[in-house]
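Feature annotation from TrEMBL assigns domain 'Glutamine amidotransferase' to B:4-202. Positions annotated as active site, nucleophile by TrEMBL: B:C79. What TrEMBL records for B:H186, B:E188 is active site.
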Amino acid sequence: MMTKRIIPCLDVKEGRVVKGIQFVELRDAGDPVELARVYDEQGADELVFLDISASVEGRKTMVDVVQAVASELAIPFTVGGGINALDDMKRILRAGADKVSLNTAAVNNPDLINEGAAFFGSQCIVIAIDAKYDDSIGTWRVYTHGGRTPTDRTVIDWAKEAVERGAGEILLTSMDEDGSKQGFDIALTKAVGEAVSVPIIASGGAGGAEHFLDVFTEAKADAALAASIFHYKETGVGEVKQFLRNAEVNVR
Amino acid sequence: MIGIIDYGMGNLFSVSKALERIGIPYIISESPEELNNTKGVILPGVGAFKDAMARLREKELDQFIHQYVDSGRPLLGICLGMQLLFEESEENGQFQGLGLLKGRIIRIPDRDADGGRLKVPHMGWNKLHFHQEAPVLEGIEDGYVYFVHSYYADGVGEQALLASAEYGVHVPAVVGQGNVSGMQFHPEKSSATGMQLLTNFAKAMERSEDML
């Protein structure tokens, strides 16, 4: 039986982790490698690094970060942000990342998914979707540019197309729940999970261990991602896993 | 010294970094002459079976691997590298493998025995079930390892099946016979358990050296 995966997400800007992560035992809370190691020790199953650098220089630094993390850690990790072309994917994957995540670039140029999957295999290509419910169309709408730009695509159709084009996994963020700490978006996660045959990583809304249980049992997510509750030590990866184990959810 | 066979298929970086972390010296090479100066070799691999076999033949690494195994030194295939050890594969056609182990590579069914939907690729952490004791499995207690694959080895002989994982079917996860062994998952991405497995392979290499 596969285990459900718990994935901390780290925002990296110009090679440094941002969002004031609170680990007192750390010498340098901005060092991506040191934080990655802490999460590995806590039992994280995978990590996601989101490059939010605005500059070309920052983007180059990300390759060094990827190399350093890959040298130090023996768990899989995904890198997203700033990946706009096959060459960007090559740079990041050859530096040692296991997967790349595409968001806006894939919506603007869906062929990028086909190219990446053909070159590296579907298992390397994660499609990140920012979803927001839209009453006027009665379903979820895809947003790009970090949630700032609405598109004319619905989440369900886009997820299906992305998978047909070769996406190996969907990282699904609920903009409605993101930051709410009220729990993952069960309806959204369930709907997308039923529409496609690849693993779904639920994201947005985690406020406590019980929310992970809900998204795994009710929405059948394969993995769940969270940032702030882990960074601010509201709960630990180990605690979430223990809670899940007690509820008879299969975790590592 | 371990040799990592470089035939243009796969993430050699992760494997080599994992060896560095556990303190095992290695070389990465596509040259049979260079690889022949090692005490054990790893055949990594990500991608399609057909392309992988074509590249091995092109570089005459298939003959090298057979000679290496005949010399009694240990060989470890990882992921696609493990699949190549078998007789044949049905991935995108019908293709011959190295034939070092009995069995064929077939696609993971997308339904389990109860008709429930299975996602393919089999991607993520799954538990190892041990079938017999083997040096490579020494000290492995909490056996969760990281898998990414869509095909698996069917018809593996009982003697060669060391550990498996459940995913609708019994997925052979660790196979081994004589000095030939394989891991369907990625030990280099499987945290402490994976590091232990690689350490065990290195120890087996030292032991086989004593026997030679």
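Each Cβ is built from the backbone N, Cα and C atoms, and glycine gets one as well.
What you see is a predicted model, and the numbers here were worked out from it, not measured in a lab.
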Secondary structure of B:H186 (active site) (DSSP, helix/strand/coil): coil
Length of the line joining the Cα atoms of B:E188 (active site) and the residue listed as 'active site, nucleophile', in Å: 11
Set of same-chain residues at least 6 away whose C-beta sits under 8 angstroms from B:C79 (active site, nucleophile): B:G10, B:P44, B:G45, B:V46, B:V148, B:H149, B:M183, B:Q184, B:F185, B:H186
For B:E188 (active site), the number of other Cβ atoms found within 10 Å of its own Cβ: 28
Surrounding CB atoms that lie within 10 Å of the CB of B:H186 (active site), all protein chains: 24
